[in-house]
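According to TrEMBL, the protein has these features:
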- 35-57: transmembrane segment (TRANSMEM)
- 78-99: transmembrane segment (TRANSMEM)
- 111-136: transmembrane segment (TRANSMEM)
- 157-176: transmembrane segment (TRANSMEM)
- 182-199: transmembrane segment (TRANSMEM)
- 204-223: transmembrane segment (TRANSMEM)
- 257-276: transmembrane segment (TRANSMEM)
- 288-311: transmembrane segment (TRANSMEM)
- 317-335: transmembrane segment (TRANSMEM)
Amino acid sequence: MAESVTEIPVNIEESIKETLQNGTIKPYMSIEGVAVAYLSLVVMAILPIFFGSFRSVKYLKEQKESGERPETMSNRDALMFPVIASCALFGLYIFFQFFSKEYINLLLTGYFFFLGVLALSHLLSPIISVMMPASVSKVPYHILFTRGDRDVVNYKFTSYDVICLVISFVFGLWYLHKKHWIANNLFGIAFAINGVELLQLNNVVTGCILLSGLFLYDIFWVFGTNVMVTVAKSFEAPIKLVFPQDIFVNGFNASNFAMLGLGDIVVPGIFIALLLRFDKSLKRNSEFYFRATFTAYIVGLLATIVVMHVFKHAQPALLYLVPACLATPLTLALLKGDLNALFNYEDQTAIEEKADTSKAKKSE
């Protein structure tokens with residue numbers, strides 16, 4: 001969901017004068033500034049999907065090699081997700097109506113500070129591993145606490161991970177102290193990439209159910225009520241990407257932001273990542289479905305921005321993103337004769353889990 005665009009004053013001097021007099025007029029925004037803000041949001045949205053999708057392939061491969069089985073979303077989970085999200089959203093709205101926004105945001109800031117540090121550290125880990133000179137040794141550590149025969153804590157890390165954690169903690173302190181939009185975006189991008197990488201859909205059917213449910217969820221809460229917009233503007237946490245539309249006027253201290261919720265990135269992103277894994281399973285040395293749907297996502301996001309700019313009203317991004325992300329792979333699969341393969345595809349770990357379950361039942 002992105003914030004609506006305010007009307008652009010014709011004369012910058014009159015705009016500044018009126019702002020100083022009554023404080024009710026938003027900062028002047030040049031056409032260039034608005035264009036840069038929208039373009040930046042598009043870039044910040046597509047990068048987590050692109051990198052997160054390829055990281056999800058690697059993550060699934062690593063789990064297969066280690067014998068671990070990732071938790072995947074079932075059809076029931078996908079059906080219930082919009083209901084749970086609606087309850088959470090409305091609960092936040094009620095809290096903001098009856099309790100001080102400052103105290104709520106203080107608690108949420110602390111919570112997302114720790115989550116953001118961990119997410120950014122996980123994102124930086126492969127980058128730091130490549131950048132570190134050979135003279136700095138990679139020392140392994142292993143924290144293990146057991147109770148009887150059961151492991152309570154079993155965590156392995158390296159000295160490079162400690163460096164990542166320190167760097168992420170510094171950015172976290174910057175976010176706590178300044179709440180600067182750049183620090184917010186760093187954490188937001190880290191959340192988005194980790195979400196696309198680590199959240200696993202069970203199959204394409206589950207993805208269709210999830211996207212369809214959130215399609216209705218987004219339309220209702222944006223067009224049917226003011227709940228989504230109110231919470232998005234009141235919620236001071238890195239759950240959205242923002243970029244100032246008045247950056248050419250006020251520089252990095254700009255204050256009039258366009259925004260895009262992380263849900264509009266992660267939800268389509270995990271579906272697009274599933275399509276990349278489907279492409280890999282076909283063994284055609286092609287990323288056809290991934291690239292086609294990734295392009296459709298960009299077109300849907302641009303359509304959201306155009307409509308938002310024309311009508312000067314917040315738009316539910318999933319209204320445009322879901323049809324683009326669902327219709328594209330399904331239509332192409334129908335035309336190429338891959339529709340059955342697409343609907344029958346499951347990640348290899350899910351197939352193995354079913355096989356192991358059936359073997360266990362037979363042995364009983």
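Every residue number used here counts from 1 along the chain in the order it is shown.
Quick reminder: no glycine exception, Cβ is built from N, Cα and C everywhere.
Heads up, TrEMBL stuff is auto-annotated, nobody curated it.
Since this is a predicted model, take the numbers as computed values, not measurements.
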Remote residues contacting the transmembrane segment (317-335) - C-beta distance under 8 A, at least 6 residues beyond either end:
1-2, 204, 208, 211-212, 214-215, 217-219, 260-261, 263-264, 267-268, 271-272, 275, 288-289, 292-293, 295-297, 299-301, 303-304, 307, 341-342
Counting Cβ pairs under 8 Å to the transmembrane segment (35-57), which of 78-99, 111-136, 157-176, 257-276, 288-311 comes out on top?
257-276
So what's near the transmembrane segment (204-223) in sequence-distant terms, Cβ-Cβ under 8 Å and 6+ beyond its ends?
1, 72-75, 77-79, 81-82, 85-86, 89, 229, 263, 267-268, 270-271, 274, 278, 314-319, 322-323, 325-326, 329, 342-343, 345
Within this structure, do the transmembrane segment (111-136) and the transmembrane segment (182-199) have 3 or more Cβ pairs under 8 angstroms, counting pairs 6 or more apart in sequence?
yes
Long-range environment of the transmembrane segment (111-136) - Cβ separation under 8 angstroms, sequence gap at least 6:
159-161, 163-165, 167-169, 171-172, 175-176, 186-187, 189-191, 193-194, 237-239
